[in-house]
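Undergrad: Dumping the structure here so I can ask a few things about it.
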């Protein structure tokens with residue numbers, strides 16, 4: 001296709017796109033108007049909300065396997081399945097929460113509604129652990145324990161799933177909501193980017209402190225004082241977070257929803273399927289792009305993505321045809337896509353191998369929250385000559401402490417002299433996770449030998 005012919009094809013599209021560009025500029029003005037400068041007070045409030053939300057979530061999660069075993073009297077296999085299923089739902093909900101926030105509600109409203117759902121779930125869990133009619137009667141070790149009835153299971157699992165759905169849906173949105181509070185979109189605004197980097201160091205530090213708090217104080221209250229009190233504290237944390245977020249909403253920088261990026265991905269796939277028989281032009285400039293228009297799906301103020309040569313077959317979705325020039329065609333977005341939309345899909349495809357290999361880590365990580373805790377309940381938990389005992393779920397706190405120590409050691413001692421790439425670090429982490437599971441298997445084999453011996457000795461925690 002020669003240059004004159006390309007120009008005649010692109011002119012009607014670009015003329016139609018002038019209105020779209022004008023709308024984008026108007027929306028950008030709306031973003032600047034609504035997204036005023038965020039105060040330091042608002043940023044500190046977000047850190048406090050992060051602490052409350054993470055503490056409440058892990059206050060339920062870390063000790064969940066113990067509650068199912070000791071209170072609801074479930075068997076080991078079904079308990080592990082129940083915890084893994086609940087964790088899977090909780091960690092998938094950020095996808096739904098992000099889609100709703102980007103397309104309809106906006107981030108602040110999505111977080112607020114998610115936390116409100118969590119409050120209802122936490123209240124149900126607290127009632128289940130407090131009211132005798134909502135849990136089986138307690139029993140002594142070594143005797144038959146009546147399992148929970150269907151109605152008792154229904155109340156408890158409804159509560160934890162509401163909790164997981166609410167907090168899970170708000171989890172990913174919350175971190176992007178915090179990112180919106182910084183005005184770092186201008187390339188010259190280096191101070192904004194530095195402030196954001198510093199802030200997120202504090203953000204993750206607060207998250208680790210919250211996990212450590214849940215794995216020590218909240219777990220200890222649940223095990224040694226009262227399950228109802230422990231879960232009640234978790235519920236109060238989420239309730240306080242809801243009240244604080246609602247009360248401080250006017251001080252935040254709000255960015256209106258711009259639509260889900262996943263819609264653009266689907267449009268590329270549909271457009272590609274319609275043009276699968278076309279030939280990709282050698283000159284990438286022949287592909288369709290809205291030059292000079294910001295991309296509201298990636299971020300209202302971010303520039304377009306540049307064309308890459310990988311997965312070139314997907315470029316067919318951006319080929320301009322005569323059919324694409326029909327005026328007033330509302331379905332054109334599903335037949336002709338921009339280069340930026342195609343590049344977004346290419347980026348997702350490049351991430352798939354990383355996502356798949358991450359299964360190695362998560363297989364090991366789920367063992368830490370389930371099987372390892374079960375093992376801890378079968379060991380002698382006393383330390384310091386019997387002066388104190390360690391709750392089994394507190395074993396997970398060791399992981400949090402070691403991760404913090406490792407990150408500090410790596411950044412100060414290793415990174416300045418040896419520059420590992422992110423993929424190399426991930427591979428090292430996967431290998432370490434596999435080794436940890438192997439060590440855990442050997443430890444469990446030894447524990448079983450000790451428990452089955454003539455003296456039936458317990459391994460120390």
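From the backbone N, Cα and C atoms, a Cβ is placed for every residue, glycine too.
Annotation comment: TrEMBL describes 42-66, 86-105, 112-134, 154-179, 200-221, 227-252 as transmembrane segment.
Show me how these features fit into the structure around them.
TA: Within the chain carrying the transmembrane segment (42-66), a Cβ under 8 angstroms from the stretch's Cβ atoms is held by residues 79-80, 83, 86-87, 90, 115, 118, 122, 125, 160, 163, 167, 170-171, 174, 177-178, 181, 199, 202-203, 206-207, 209-211, 213-215, 218-219, 222-223, 230-231, 233-235, 237-238, 240-241, 244-245, 248, 251-253, 369-370, 373-374, 377, 391-393, 396, all 6 or more beyond its ends.
Non-local neighbours of the transmembrane segment (86-105) in the same chain are 57, 61, 64, 111, 113-114, 157, 160-161, 164-165, 167-173, 176, 257-263, 297, 366, 369; each lies 6+ residues outside the stretch with a CB under 8 Å from one of its CB atoms.
Using a Cβ-Cβ cut-off under 8 Å and counting only residues 6 or more beyond its ends in the same chain, the transmembrane segment (154-179) has close neighbours at 43, 46, 49-50, 53, 56-57, 60, 64, 72, 82, 86-87, 89-98, 100-101, 107-108, 110-111, 113-128, 134-135, 148, 196, 199-200, 203, 238, 252.
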Undergrad: For the transmembrane segment (200-221), give me same-chain residues lying six or more residues beyond its boundaries with a C-beta closer than 8 angstroms to one of its C-beta atoms, as numbers and ranges.
TA: 46-47, 50-59, 61-63, 175, 178-179, 229-230, 233-234, 391, 393-394, 396-397, 400-401, 403-404
